[in-house]
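Chemist: Pasting in a structure now, in C-alpha cells, and then I'll have a few things to ask.
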Amino acid sequence: MAFDYVRAAKYFVLWDFIKGFALGMKYFVAPKPTLNYPHEKGPLSPRFRGEHALRRYPSGEERCIACKLCEAICPAQAITIDAEPRDDGSRRTTRYDIDMTKCIYCGYCQEACPVDAIVEGPNFEYATETREELFYTKEKLLENGARWEAEIARNIEMDAPYR
C-alpha cells in the first residue's frame, strides 16, 4: 500500500520531468566537448604525420645526403630523387619530388632517413584546388621545412627517447 502512495506522489510531482530537466541543465552548464574547428584547433601528437618537409642544418646547408633510402623504402613509390656528386666528394640532390597523390603517410621515409632530412610535419591543412599542386618539388619541401622548423625540431626532440 505504501508503494502506491510513493508512486502516486512521484506521478503528481512530475518526478521524471524533474530528473530529465536536471540532467539537461547538467550538460547545459558543462564545458562543450566539441571544438569550433576553423577557429579552434585541438592538440596534435608529436608523432603526427602531416605535410612533408625537407630540413636544413642551422648553417643553412640542406640535410639530405642523397642516400635514396627514403625512395627505396617508400611502399607507394611516391618519392623520386636525382643526385650528383659535389666537388668535396659528397652527394646532394638535384631533384627531390614527392607525389602526394600517391603518398600513404606511413612515415617510413622519415624513419629511414639517417640525417632527419625528410620529415612529416605538423601541418594537416593543405587542401588544393588542382592536382598539380600535390606534386611537391624540392623547393616546396624546403619551404615547408623552413616554415615548420621550430615545431618539427621540438617534435623530434620529444620523440627522441622512443627512437
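In case you wondered, yes, glycine gets a Cβ from its N, Cα and C as well.
From Swiss-Prot, for reference:
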- CYS64, CYS67, CYS70, CYS113: [4Fe-4S] cluster 1 binding site (BINDING)
- CYS74, CYS103, CYS106, CYS109: [4Fe-4S] cluster 2 binding site (BINDING)
- 55-84: domain '4Fe-4S ferredoxin-type 1' (DOMAIN)
- 94-123: domain '4Fe-4S ferredoxin-type 2' (DOMAIN)
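Distances, neighbours, how buried they are, the whole picture for these features please.
Modeler: The Cβ neighbour count for CYS67 ([4Fe-4S] cluster 1 binding site), using a 10 Å radius and every protein chain shown, is 16.
In this structure, CYS74 ([4Fe-4S] cluster 2 binding site) belongs to neither helix nor strand by DSSP; it is coil. Taking all protein chains in view, 20 other C-beta atoms sit within 10 angstroms of the C-beta of CYS74 ([4Fe-4S] cluster 2 binding site).
Residues belonging to the domain '4Fe-4S ferredoxin-type 1' (55-84) score a mean pLDDT of 96 in the model.
When the domain '4Fe-4S ferredoxin-type 2' (94-123) is classified with DSSP, helix, strand and coil residues number 5 helix, 9 strand, 16 coil.
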Chemist: Provide the number of Cβ atoms within 10 Å of the Cβ of CYS113 ([4Fe-4S] cluster 1 binding site), excluding the reference atom itself.
Modeler: 20
Chemist: Need the DSSP three-state call for CYS64 ([4Fe-4S] cluster 1 binding site) to compare against my parser.
Modeler: coil
Chemist: Using Cα-Cα distances with a 10 Å cut-off, which of the binding-site residues CYS64, CYS67, CYS70 are near CYS109 ([4Fe-4S] cluster 2 binding site)?
Modeler: CYS70
Chemist: With every protein chain in view, what's the tally of Cβ atoms within 10 Å of the Cβ of CYS64 ([4Fe-4S] cluster 1 binding site), excluding that atom itself?
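Modeler: The answer is 25.
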